[in-house]
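Feature annotations, courtesy of TrEMBL:
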type: ACT_SITE; residues: E100; note: active site, proton acceptor
type: BINDING; residues: C120, C124, C127; note: [4Fe-4S] cluster binding site
type: BINDING; residues: G173, E174, S205, S227, L228, H229, N306; note: S-adenosyl-L-methionine binding site
type: ACT_SITE; residues: C349; note: active site, S-methylcysteine intermediate
Amino acid sequence: MRHAVNTPADKVNLLDFDRKGLRDFFAELGEKPYRAEQVMKWIYHRLESDFENMTDVGKALREKLSASCYVGPPKTAFEKTAIDGTQKWLLGMDGGNAIETVYIPEPTRGTLCVSSQVGCALNCQFCSTATQGFSRNLSTAEIIGQVWVAAKHLGNVPHQQRRITNVVMMGMGEPLLNFDNVVKAMSLMRDDLGFGLAGKRVTLSTAGLVPMIDKLSVESDVSLAVSLHAANDELRTELVPLNKRYPLAELAAACERYINRAPRTSITFEYTLMKGINDKPEHARQLIKFMRRLPGVNKVNLIPFNPFPGTRFERSGPDEIRSFQTQLLNAGVLTMLRRTRGDDIDAACGQLKGQVVDRTRRQAEFRKKLEEGVVNAA
Ligand code: SF4
């Protein structure tokens, strides 16, 4: 098996395994399953990557592990801290690629925003990541490795000193298009021997891949965030082209099925407010009507648009934002206004990227597969 992260050639990266995978790997090495769990605690509770420091693991096993595997989180290429405490890491991947991970501290919680792909193929019109095109999926190690790197920097200790209380799969990429690796990484976020977060504290954000929302409801019970941004099909298709394939009625039905199958989870609709585009009273009315289709789901996050170089969109003004929120609240829709964070370090999705590489051809191929349904079946 080839592993993508900072790989000492031909060795296995243990961050690629969930608990079951690690137990199976240890069985292949002729070791008892409890040994796998012992090592897992070192990796995720004590954030130890050097087998030599795993002092309660016998010398013979430490030598065996050193010969065949490694603990390989992504390398930090760049780190920035904003005045408001928001932290952002640019993490180097193979092939000169880079991804972003953002930590947002608040008085009662600390949220880590994690990427699932290098770039993204879905081409949402207001998204900085979309301008980079799609390069590739991240491995499980590269996804959980983002949490590991942030936890190490922040001095996070699961079950004791939690700096990271929530993880949102809301960074670069569409997580449901990298389903298996994302689900495995989320299971490590949730596992008591991993980062030990409750299901409702891990949120997957999707642009609305209907069949994969159904698949997720069978395989995981994390919270869902749906990037809505418009509640009429014409405008949503313009902003989120995926809407053409999975229009609002299908998306609403999938959300209803999700919440019915996993009633303890929550679904939040994300709505980025862009001046003169989707922030008028009629748009609020459409959103209220959409929310009424989903009586079990009653939460909207309003996000003032975070401009980036080259975008044609602008942030809605404070008056428009306030009256949009008031209209929703008056209709009984639970509506939170997300403060923009880390403005001085460009902490919005995709904004710390280096050179924008022309990946047009790969992007076009990927979109074609998506149209044909090939990618959804992955
Ligand atoms: S908003 Fe999300 S799904 Fe849409 S292009 Fe950006 S990263 Fe991809």
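Even glycines carry a Cβ here, placed using N, Cα and C.
Long-range neighbours of C124 ([4Fe-4S] cluster binding site) (same chain, six or more residues apart, CB within less than 8 Å of its CB): A130, A207, S227, H229, L239, V240, P241, L242. Close to ligand 1, meaning a Cβ under 6 Å from one of its atoms, are these of the recorded positions E100, C124, S205, L228, H229: C124. Each residue contributes its Cα atom, and for E174 (S-adenosyl-L-methionine binding site) and C120 ([4Fe-4S] cluster binding site) these two points are 7 Å apart.
A coil conformation is recorded for E174 (S-adenosyl-L-methionine binding site) in the three-state DSSP classification, outside any helix or strand. In this structure the C-alpha atoms belonging to C127 ([4Fe-4S] cluster binding site) and N306 (S-adenosyl-L-methionine binding site) are separated by 9 Å. There are 25 other CB atoms within 10 A of the CB of L228 (S-adenosyl-L-methionine binding site), with all protein chains counted. Around the Cβ of C127 ([4Fe-4S] cluster binding site), a 10 Å sphere holds 23 further Cβ atoms from the protein chains shown. Using a 10 Å radius centred on the Cβ of H229 (S-adenosyl-L-methionine binding site) and all shown protein chains, the other Cβ atoms total 28.
Proximity of S205 (S-adenosyl-L-methionine binding site) to non-local residues of its own chain (separation of 6 or more, Cβ distance below 8 Å) is seen for V168, M169, M170, P175, L224, A225, V226, S227, E270, given in sequence order. Cα separation, E100 (active site, proton acceptor) to G173 (S-adenosyl-L-methionine binding site), rounded: 11 Å. Secondary structure from DSSP puts C127 ([4Fe-4S] cluster binding site) in coil.
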